[in-house]
Amino acid sequence: MAKRSEKEASLSVIVIVALAILVVLTAQVESAAAAVSYVNLEDTVRKVVQEHMNINWGFGAGLLRLVFHDCFVRGCDGSVLLDRTPQNTKTEKESPSNGGLRGLEVIDAIRVRLAKDIGVTVSCADAVVFAAREATHILSKGKIAYDVDGPGRMDGIVSSAEDPGKHLPAPTDTFDLLMQKFRAKDLDLVELVALSGAHSVGVANVTSVIHRFGTPIPRGQMNRMYAGAVVIEMGTDGVVENNVRDFKPANRDTVAGYQANGVVDLNAVGYLDNSYYNANFQNMVLFNSDWELTTNTSAKQHMTLYMDADKWRAAFGKAMTRLSNELKSEGPLYEIGSRMTCNATNHMSY
């Protein structure tokens, strides 16, 4: 017969092994549950975004712009969503850099639907990031899918109209200034060029481009035929499509003389793709900051690389993951929990 100490030792080994197995199985179950939950979250957010884009396709580009304008200022903290108050009459919304923000109502709709349908509560900051991810997926016809962290982002309670102008790239920026602003967020030249491709969707106001219509137009900075097409497209409302591909065919082809060069799908009007780079090489882009990419040898090399749609999609998705995950909110003032509504702070946070 085995001695008592030997039996106890054997029993201890069995218990340890059993506990180890239990831990592994529990982790697997929790991991599977988390995966299912996250899949449900993605599906729910995508449905909400799609519903709103079916009503107004422009919400897609608006949500893509919104995440950039939130995360580049104070990190991804939802501060761009806050309305003015008697105590703070100049929030980020009041900044000229944030003129024409669209899709803000989609953010609250996402939070309501997630709580109702799958019992998940997310912060406003989370909802901004998730909305941009799903808008990108829809705008790219399902060809761009990238990973983001969360839920777990914290909603900030600080919002100042002075901040966007300090941090966000401006339409008038030079290449050096663009790089300075991106490096300040630990983003590099590759990400600058890749993220600029988002200008294949959306619209611009005359106030963002009027500086490029001097007399004469600086040589090389804007195709003169394109400039004429822009004036016609802009009309009386002062708004024009970012992408020359999305102009009316007569203005695009006859007036501007745009060439698809075998790489642009002219039927993909309103969709996110790499057509921005083909347009930029023809000096048919609205913003001086876009044209500035062509003044740098390395940037031009990446622009040429991104004429390959698959390479641009991969680079864009990777850059959006970094933007969404690594531009941490700067704090230190946050909501206790998350905001009840995304356009106002909770009183308990003060």
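Placed from the backbone N, Cα and C atoms, the Cβ positions cover glycine too.
Per TrEMBL, domain 'Plant heme peroxidase family profile' is recorded for 40-346.
Taken from TrEMBL, the feature site 'Transition state stabilizer' applies to ARG65. Taking the Cβ of ARG65 (site 'Transition state stabilizer') as reference, residues of its chain lying under 8 Å away and at least six apart in sequence are, in sequence order, LEU101, ARG102, ALA198, GLY202.
Residues annotated as active site, proton acceptor in TrEMBL: HIS69. Sequence-distant neighbours of HIS69 (active site, proton acceptor) (same chain, six or more apart, CB under 8 Å from its CB) are VAL80, GLU92, SER97, ASN98, LEU101, PRO164, LEU168, listed in sequence order.
Taken from TrEMBL, the feature Ca(2+) 1 binding site covers ASP70, VAL73, GLY75, ASP77, SER79, GLU92.
As annotated by TrEMBL, disulfide bond applies to CYS71-CYS76 (among others).
Spatially close to CYS124 (disulfide bond) yet at least six residues away along the chain are GLY78, LEU81, ILE107, ASP108, ARG111, ASP155, SER338, ARG339, CYS342, judged by Cβ distances under 8 angstroms. As annotated by TrEMBL, disulfide bond applies to CYS124-CYS342 (among others).
Per TrEMBL, the feature substrate binding site maps to PRO169.
Other Cβ atoms within 10 Å of the Cβ of HIS199 (heme b binding site) number 22 in total over all chains. According to TrEMBL, the feature heme b binding site maps to HIS199.
According to TrEMBL, the feature Ca(2+) 2 binding site maps to ASP265, ASP273. For ASP265 (Ca(2+) 2 binding site), applying a Cβ distance below 8 Å and a minimum sequence separation of six or more within one chain yields TYR271, ASP273, SER275.
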Neighbour count (Cβ, 10 Å) for GLU92 (Ca(2+) 1 binding site): 24
Output field, Ca(2+) 1 shell: CB within 8 Å of site CB centroid, site ASP70, VAL73, GLY75, ASP77, SER79, GLU92 dropped: HIS69, CYS71, PHE72, ARG74, CYS76, GLY78, VAL80, GLY156, SER159, ASP163, SER329
When distances run from the Cα of CYS76 (disulfide bond) to each of the binding-site residues ASP70, PRO169, HIS199, the nearest one: ASP70
Euclidean distance between Cα atoms of CYS71 (disulfide bond) and ASP77 (Ca(2+) 1 binding site), Å: 7
